[in-house]
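Now, the feature entries from Swiss-Prot:
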type	residues	note
MOD_RES	K230	N6-(pyridoxal phosphate)lysine
Amino acid sequence: MTGPLGAGPQALPAAPLEDWLRERYFQAKTDISSSGVHNYTFGELRALDPALLGTRELDQLMFRDGPSLGDERLRAAVAARVRPGPGHVVMTTHGSSEALYLAFAALVRPGDEVVVATPAYHSLSGLATAAGASLRPWPLRPENGFAPDLDDLRAVLSDRTRLVVVNFPHNPSGACVDPRGRTELLDLVANSQAVLLWDGAFTDLVHDHPPLAEPSQDLDRVLSFGTLSKAYGLPGLRVGWCVVPQDLVSELVRIRDYLTLSLSPLVERVAAVAVEHADALITPRLTEARHNRRRVLEWAAASEGAIDCPVPRGGVTAFPRFTAHTDVTDLCERLLARHGVLVVPGRVFGQADRMRIGFSCPRPELERGLAAISEELGTHARGRRRGTG
């Protein structure tokens, strides 16, 4: 294996988000940390296709290796959903994480310049670092509510830029380009020598405009990524995909031959049903999330300046700043220890005074989480007053 990531896992930096969630996720009683919609059960999925994995089908399922690009039925379902552009094909993967790994391993060499929208999910920056790339942040500025400023992107692009890596809607802030901004972004990349990596994990979770179109419809040098973990409520299936230029397929398959080879036929059968019934899974969760988003914004507005919350334009997370804190990590620890409430401290995204709050959960769970935060903020404020009295 000749790619820079072939140097071995020791080249990969720690993943602070996963380090935070690893044990706390299983300790929490109230989870308002998640960047995905709340999960579906197998029974709920089977209700969409009662024949799914019945006794007869299970008995006939052959546990053989799958095709390198993925099961044909699942690939066809994804293609019908996302509509890849000319010269692009769908490859299914073990979550979008595998697809991202394959892309960075295939495309990046030591010293390459990689532009990453920042703050970033750890895979988007960490894989570039492990590949020996020179990172150039495209800053999504907190003072602008993390709204993407394409002039800032223009300023960091150069003739040495190998990749431009974006994630819209953005994790953790929920910021998003609108359709006009998408067109301008694609034009900027088209006029450079760079390849665009478009993380579309949250594509279906938008609040102010229709979902953004698949970028390969308008750009040749692009790979896009999707997953069942965020909008579909099926993270435990560990299924994702990439839309990849045909001329790059053989390189991704070559690298995959050293990793996972293919997906389980059992998992791909379940995943195909999910994608074929995408709207039935996504629509109710998105409707619920929009109601909950309104509640989070009302809660923040009622905090008398203690919480400054940019409006999430997409996704199901808010990323508010806590104005009396320079680092909310201790607050997050207290929420879990005293209330059983799980949130994510902003330091894992390089924004220590912020907290990621997931709002796609049942309303009672969200209310418990917000009430616990308010209680801890009140305790903190009273302590400060005593300390200065």
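The backbone N, Cα and C atoms fix where each Cβ goes, and this holds for glycine too.
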Exercise. Relative to the Cβ position of the residue listed as 'N6-(pyridoxal phosphate)lysine', how many further Cβ atoms are located within 10 Å?
Worked result: 28
Exercise. Does DSSP give K230 (N6-(pyridoxal phosphate)lysine) helix, strand or coil?
Worked result: coil
